[in-house]
Amino acid sequence: MSRRQRSNEVCADCSVPDPHWASINRGVLICDECCSVHRSLGRHLSQVRHLKHTPWPPTLLQMVQTLYNNGANSIWEHSLLDPSSIMSGKRKANPQDKVHPNKTDFIRAKYQMLAFVHRLPCRDDDSVTAKDLSKQLHSSVRTGNLETCLRLLSLGAQANFFNPEKGNTPLHVAAKAGQILQAELLAVYGADPGTPDSNGKTPIDYARQGGHIELADRLVEIQHELTDRLSFYLCGRKPDHKNGQHYIIPQIADSSLDVSELAKAAKKKLQSLSNHLFEELAMDVYDEVDRRETDAVWLATQNHSTLVTETTVVPFLPVNPEYSSTRNQGRQKLARFNAHEFATLVIDILSDAKRRQQGNSVSASKENVELILKSITSQHSNESQDNDQPDYDSVASDEDADLESVSSKANRKKSMDSDLSDGSITVQEFLDVKNALVASEAKIQQLMKVNNNLSDELRIMQKKASKLEKQNSVPDSDYDNAVSYSDLDDTGSGRKGRQRSAGWQGEVSIPEIGDTDANPSSVLPSTEDVIRKTEQITKNIQELLRAAQENKHDRPLERESIRRLRHSLGCFSTLVPLQPLTLQQPDPTSCYIPCSERIHVAVTEMAALFPKKPRSEMVRTSLRLLTSSAHRLQSECKKTIPVESSAMTDIQLVTQQVIQCAYDIAKAAKQLVTITTKENNN
């Protein structure tokens, strides 16, 4: 596509210029923010791929660009083009809308509910309507009109429809006519290049017979797309189908790690699956590979310069309502596999797919496989950290997914060893027991955290009540000299900060008692001053994050919180990369208290820039969140001091609370920067 055409492209969902992602099955281009929502919908609703940083088959990319240029988006927004839709309150999302809930609600209505698609007149028998649409599709694919076929598919036409009168499928017709873009579209919607017609010929046969060699070769690639994608994920290579090589089965360089009884038992159970169940598992693993690869591209291409991001994280495969609850649970648990475990599963699936395709028995001799000397663990080290997420024992909804705690890898492996010791149990029984175990552990951890959180809240409320009593006893004239919660350094800036921001200390952020003479002020500090103080806060949180990262390296739930904070403080993505723990390190929690004190000083100085009684409710709310979070941060960090008379402190829980407080401080700082920038520019 020419540069001039690219400059005219806009996001199909919110009209942001220069979109970088494509939804293949919808035939539209989308921006980063809308892509995050598309990813949360699942591949069954939107298959997203980056336009530049993902390898594309040339004809597939051409198909998407052709649909986009020919107005495929109007298929999904048909009713919005009607002038009466403006009167009814329906409107398209715009670039200024927030991702949540504005863009999210619109995108879900557009693609999940198909709320704006043109509806056919209602009929008594939906199957008759689908059959009629499929016959129209069968006739249309011989032409180059892609958008007509996409419209029929959006209304319910079946890409694999077998026409009893013609004795073939739409893909046979497209192959005969040499319509390679139509073949790409049909394949995206599930058409099978290996389906024979009434004469026993496949679309590949008709493409070669008609001299459409490029189309025939592409159909062969589509036929092996699943195994090709799995091989490419492991070793970065695809088979050479033109020369008869249809499978590449890598082997982990350190094969000694994969000879355990657990691995052998798992492989036997995989081989014992019926073809139907094996196909389902292979498709689920394919979707997980797509999620992990897209995740890697997503993290590499995002702009982490903003303090807080609204984009959606996809830590596991979204729910597909067409699948059973059990299958959805199994799909979600694939995200728990680390790089080595997942690579082993992919290799086993590749090996068994080849065995089943060639009709070999389970006891057949092992084929020679290509030894990939490159370490799989090294290749996927970053991905392992990003994708070793907690699993979900109950099928989570797309709108509300609550993270559950998971057991450690050692406990998980021990549990799996015990479950697989009896060869007579089925895979389903094993998964059921495993699900019950993880559910119990998750509930225990959740109850413990709730109990600790309630205790923390009680302490905070007690301190708040004590502070209110002190403020009520302070005369009006002495209010500005009230003592803050923490002792600041006796520097000039520290004394000045105390005098100007006494009303912002702790939980009581706006002094309404003893300050009745002060009038609300609409004067805000300069944007430069606020940004400078925000940078000081960010720098101190950075050091705190290093300590939290070291203390929480092997716990997926807390690592997700650290990654969320790193997204909030974008500079951390480059300044503080996740590193494995080394031996003989000092206690990471030892620097919690000095870090929290410096953060408290920086927060106090930032709050001092603002009037004691701002007129704006948003400013008051943000300042309240900023100062109260800084105070809570100090309280949490003080818990790391060992006290002989008290019970042992749960350092893991304290670190989790420290991360949350730091996130709230960053969020409040970002809000204040945004507010002052907007007000000072007006």
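Here, residue 1 is simply the first one shown, and the rest follow in order.
Glycine too: its Cβ is placed from the backbone N, Cα and C atoms.
Any TrEMBL annotation is an automated prediction that lacks curation.
As recorded in TrEMBL:
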- 1-124: domain 'Arf-GAP' (DOMAIN)
- 166-198: repeat 'ANK' (REPEAT)
- 378-421: region 'Disordered' (REGION)
- 385-403: compositional bias 'Acidic residues' (COMPBIAS)
- 466-525: region 'Disordered' (REGION)
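Confidence across the repeat 'ANK' (166-198), taken as the mean pLDDT and rounded to a whole number, stands at 97. Helix, strand and coil counts under DSSP for the domain 'Arf-GAP' (1-124) come to 52 helix, 11 strand, 61 coil. Break the repeat 'ANK' (166-198) down by DSSP state and the numbers are 17 helix, 1 strand, 15 coil.
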